[in-house]
Structures are given as structure tokens and as C-alpha cells.
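Since the structure comes first, as C-alpha cells, the remarks are kept for the end.
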Amino acid sequence: MTLVEHDESVRAGAEWATSLYHIAAEQFERTADVLALDPDTRARLLEPRRTLTVNFPVRMDDGSVRSFTGYRVQHTLHMGPTKGGMRYAPAVSMGECAALAMWMTWKCALLELPYGGAKGGVRCSPKEMSVDEVERMTRRYAAELIPIIGPERDIPAPDMATGEREMAWFMDTYSQQVGYAVPEIVTGKPPVLGGTEARRPATGLGVVYVIEGALERLGWPVREQRFAVQGFGNVGRIAARELYDIGARVVALADASGGVSDPGGLDVPALEAWVDEHGGIEGFGGGEPLGRSDVLEVECDVLIPAALEQQITADNADRLRCRLVVEAANGPTTPEAEALLAARGIRVLPDVLANAGGVCVSYFEWVQDIQRYSWDHIELQERLRRQLRAALAKVWDTAERLDVSWRTAALSVAVTRVAEAARLRGVYP
Ligand code: GLU
């Protein structure tokens, strides 16, 4: 094959070109400018270190064979094994995984976990597949990743549309290949397979721990704040329920089916029961019905996007009516939107801090598996709270010292740590 010199497709970085990667790259570049990071380290951290693309066949229930494309992207190998979730969605791409892997690096560094970042996934529509088809796809994807994963190399975890069930299949597939049980190959497993009860609610609880810490520092009593949450999955639901339990007012909630609002505060447990029975929020009578994305524009104090990427954009940033945005999802705010929000005095607690509770408890799970020992989950929750509070303190102090946003502060702490590790390890050979 000849290389075409001016072909667009060979432009540097073209592999990753997606809007999500541009967001991650722009956030990193801004931080690198603030830190006056040297050009070599900047170039090394801007693009992922290692990427695997796999096309693999899966036998469908009707006997046909369908080909699926999957990815695994490892952003940096400086810090130890890589860590990050695997997602099933129609829009999974290498660029999207590259952005999410970079964010995992910053999350882990901010929390001082001994990992670099990774992310992977399979491009598919899981809702249109049977459980058996999802199982066969998961097992084959796990087998395809064997050349680059391992408890000391890269440890997957749940992400969008994957959970304990998929982690169990993944762990079993890997274990079948090596001939003995290897629970430490993934985190977010069912507790009986070496997982921990504390992992399930960890991301959502972490969001609330970070909110409590931040509001304490801002002098805003939690019980007096009104919260709106977009997303009612493993993150949004747990966060909303925890906020309700500590006496805060959750005034609006939405999922993919629809939303509901009540300025006086929603009955979150009743809504949970409704969703368990009906599969979604739509139709719940305990408040005013709300469009799926209208939840972002409801009047509240704290807005928690806990669903998809790129929800707060230049198109709707001017219509937000909150005082604070807490990013429970990865990458929900575009840089343009963030600038518009900053001009209006609305601050953003960034994803790499707000949703880092998941990977933090994943780390505890991995350590337990390696040691064949387990702590009780109350102890793990206490450790999680301490670790997130310590990260929040660093972000807060750095933002004040450098006079930058909380996002740039969080990334500054993380990038400084990774750059130091890269410098000390040097360049091989
Ligand atoms: N997928 C989650 C995240 O985005 C968790 C990753 C993990 O536990 O390794 O942070």
C-alpha cells in the first residue's frame, strides 16, 4: 500500500477525530498551557498510547452470523495497568473511547490510584439484542481483547449498558482461557464472584459525597438546595435517592423515556418503584410531566447531568437556571457551553472529580481480589468518602492558587502527576 502524502486521513490525530475527543483534547491543551508543559510530554499525553480495534463474528439467535466492531484504548502506560469501563452503544468509536480513556487517566491520577486510563466498547444496539446474543458478544469481545488485557495490564469495568452480568461473563471467559478463576481481570463483578456490594452504588454515592464537600465549602446547606438530575440509571438514580435520603429537594428527574418535576420536591422512592414496574419515568403521576432534555432548563440550585455526553452545549447553556453544574456523566458539557456558563457565574464541578467514585471503589475491589481478602462495604464507603474529599480539597486549593476553573484545576493536579511519572521513567531505550 502506498502512503498518499496529502491524504486527509493521514493527518496527525485523524484517527481520533470525533467531537468528544476534541473536547478532551481542548481541556488537556488548556491545562498544558496553564502548566507550561513541555512540548514532548504534551504530545505524548495528547494521544492514546495503545489502541486495539477488533472485528469479530457473533452467532445471532436466528442462526445468522453478524460482525461487530469493538475497541480498547489505553491512554497512558506510565502509571501502572490501565483501567476503565467498556460500553455497548450504537455510536461507540475509537475517538470516543480515546476521549473517555484520557479522562480515566486524569480521574485515576487525581485520586492517586495506581492506574493509567483506558476505555473500550462494542458498537451495537444492546436493547435490540437478546440476553443470549449479548452474552455471546461479550464473551467473544473478551476473548478478542486477551492480547492487551490482564490484571497487571488493563482491567475493564462497567460503563454504559454494561454491568455485573457482563462483568461475570467477561471474567468467566478470561478465566476459561487461563484455566483458573481470575476475579481481578475486571471490576464491578457480582459480589459472589469477588466483587463488592460497595461498587454498585459507588459512582452515584461519590457524586453526592463530592457535592456535600463542595457545598460545605461554598456555605450552601445541602438541605436547602434544589436538585435536578438528568439520567435515572446506575448513577443518576443512586445520586437522586441519596440526596432525597439526606433531606435535599429533588425537583426534577428525567430518563430516556421522559421526565417529571415538582418544585416542592419529588418522592424519589415512589418514582423508583414506578420505574421498576414500568421501565421508565414516563407516566409517573407524582409531578408535572417534563420533556427528556427540559430537565436541564428547570429552575434549581444544582443541576446533575448523569446521562450522556455533550448535553450542555452552546445551544442550551444560556437557558440553564441553576447555580452549579455537577458532572455525574462523562463529558456532558462542551467547552463552548462551559465558557457561556462561566460568563453567567455558573460553576462546573468536573466529571473527573464528580464521577470518580466508581473507579475508586473499582480500585478497592481489585486490591481485594489480588489479596484474596475483603473489607465490609461500610468501610469501603468511608474510604471512598475520604478519598473524594481529599481530591476535592486539592482541586479547590489549586483553582484558587492558579485562578482557574475547577476543571482546569483538577486536570492540573492530574497532568502534573502523570507528567512527573513520565519524566522519572524517561524514554526507552
Ligand atoms: N466506567 C466508569 C467510569 O467512567 C468506571 C471505570 C472503572 O471502574 O474502572 O469512570
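Here, residue 1 is simply the first one shown, and the rest follow in order.
Using the three backbone atoms N, Cα and C, a Cβ is placed for every residue, glycine included.
Because TrEMBL annotations are produced automatically, they should be read as predictions rather than curated entries.
Keep in mind the model is a prediction, meaning the values are calculated, not measured.
Taken from TrEMBL, the feature substrate binding site covers Lys83, Lys107, Ser362. Among the features that TrEMBL reports, active site, proton donor is placed at Lys119. According to TrEMBL, the feature site 'Important for catalysis' maps to Asp159. Annotation comment: TrEMBL describes Thr203, Asn234 as NAD(+) binding site.
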On a C-alpha basis, identify the one among Asp159, Thr203, Asn234 that is nearest to Lys107 (substrate binding site); the candidates are the recorded positions. Thr203
For the substrate site made of Lys83, Lys107, Ser362, how many Å separate the two farthest Cα atoms? 12
Quick check: which same-chain residues outside Lys83, Lys107, Ser362 lie with their CB within 8 A of the centre of the substrate site CB atoms? Gly84, Met104, Cys108, Leu113, Tyr115, Gly117, Ala157, Thr187, Ala356, Gly358, Val359, Cys360, Tyr363
Could you state the CA-to-CA distance between Asn234 (NAD(+) binding site) and Lys83 (substrate binding site) to the nearest Å? 19
Cβ contacts within 10 Å for Asn234 (NAD(+) binding site), all chains included, total 20
Using C-alpha atoms only, work out the spacing between Thr203 (NAD(+) binding site) and Lys83 (substrate binding site) and round it to an integer in Å. 15
Please name which of the recorded positions listed here, Lys83, Lys119, Ser362, is nearest in space to Asp159 (site 'Important for catalysis'), Cα against Cα. Lys119
For Ser362 (substrate binding site): intrachain residues, at least 6 apart, with Cβ closer than 8 Å: Lys83, Ile155, Ala157, Thr187, Gly188, Arg199, Ala202
